[in-house]
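Undergrad: Got a structure here, written out as structure tokens. Questions coming.
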Amino acid sequence: MDGDRVEIDGGIMEGGGQILRVSTALSCLLGLPVRVRRIRAGRSQPGLRPQHLSGLEIIRDLCDGKLNGGEIGSTEITFTPGKIKGGTHIADTKTAGSVCLLMQVAMPCVLFAASPSELHLKGGTNAEMAPQIDYTVMVFKPIVEKFNFTFNCDIKRRGYYPQGGGEVVVQMSPVKELSPINLTERGTVTKIYGRAFVAGALPIKLAKDMSAAAVRCIRREIRDLYINIQPVREPDDQAVGTGSGIIIVAETSTGCLLAGSSLGKRGKNADKVGIEAAEMLLQNLKHGGTVDDSLQDQLIIFMALAKGVSRVKSGPITLHTQTAIHFAEQLTKAKFTVTKSEEEDPGNDTYIIECQGMGMINPNI
């Protein structure tokens, strides 16, 4: 069997957990056994952390696969996939490890399952170094559904660093194939909205301060739009632990969604949290692309699987995106090209990511 394994170097390029997510999801989808070496070699604590292990375990369970080397701290795994099946699956990081990253690895697989799936994902809903669950619901979901599938994401409980304890239930039905997307027209920004939240021991005043600081910051650049950032206090029975943060979304006339977000932490001024999110949003609006920096790399695996040519206009290509493209090309027959966008405004640093997808067909439908 070993001769047929695809060898993946987990230490190149972005050198983090994303390599593991992309390569094991594609391994599962394509029925390709893989060996991933030098896992997270680019990180201060190399090897598998609890959330990466949970991601591997849910992929293994989704397809009755075999996983060797699945221990915390392991720097090498081999994975042999089986047949993807639907049904109910649980993944629990038992830490504040991101439920959104668990969703990233599992979602492409269950799209090609034999029957509908329900994923119970447990861990952190608003974690550092990962999309917040609010981003997943407000930005990722409406855009990724353009590939011609839908999913339901029910936030049962929110969980924050350090203990996690959040739970999200994702329900989705399989599809025959994915349609390509064409996101190349930005349009004009028509509305800006968001939510500033506090949970646990924190007062609602902090959420109001984050929201007000964010609005002031955006107003300096965008004067004529109504900005609606709701301050909210998460209900105690729907949140575990203490946390705070903000997400701000800009919607355009062509249906593009771009965001900025930030998390509060001990000793960090609420105004600073709001300003960070606002500045991230303004930065994402400045480049003229149709997707923000956080969405760029999350679309790559779907573009690779879709039938036909997908085109997305983005700002500067992130290392995460370059990494996702590298491994998508290594494992699928998809072909990506990235070209500088020849815009009427030469000041814009925009690129067109184009992909001739492999046209994955669900054998079960």
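Quick reminder: no glycine exception, Cβ is built from N, Cα and C everywhere.
Below, the features straight out of TrEMBL:
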- 13-338: domain 'RNA 3'-terminal phosphate cyclase' (DOMAIN)
- Q104: ATP binding site (BINDING)
- 184-286: domain 'RNA 3'-terminal phosphate cyclase insert' (DOMAIN)
- H320: active site, tele-AMP-histidine intermediate (ACT_SITE)
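Looking at the shown structure, what environment does each listed feature sit in?
TA: Packing around Q104 (ATP binding site) is summarised by its Cβ count: 23 other Cβ atoms lie within 10 angstroms of its Cβ, all protein chains included.
For the domain 'RNA 3'-terminal phosphate cyclase insert' (184-286), the DSSP-based tally of helix, strand and coil residues reads 36 helix, 37 strand, 30 coil.
If you draw a 10 Å sphere around the CB of H320 (active site, tele-AMP-histidine intermediate), it holds 20 other CB atoms from the protein chains shown.
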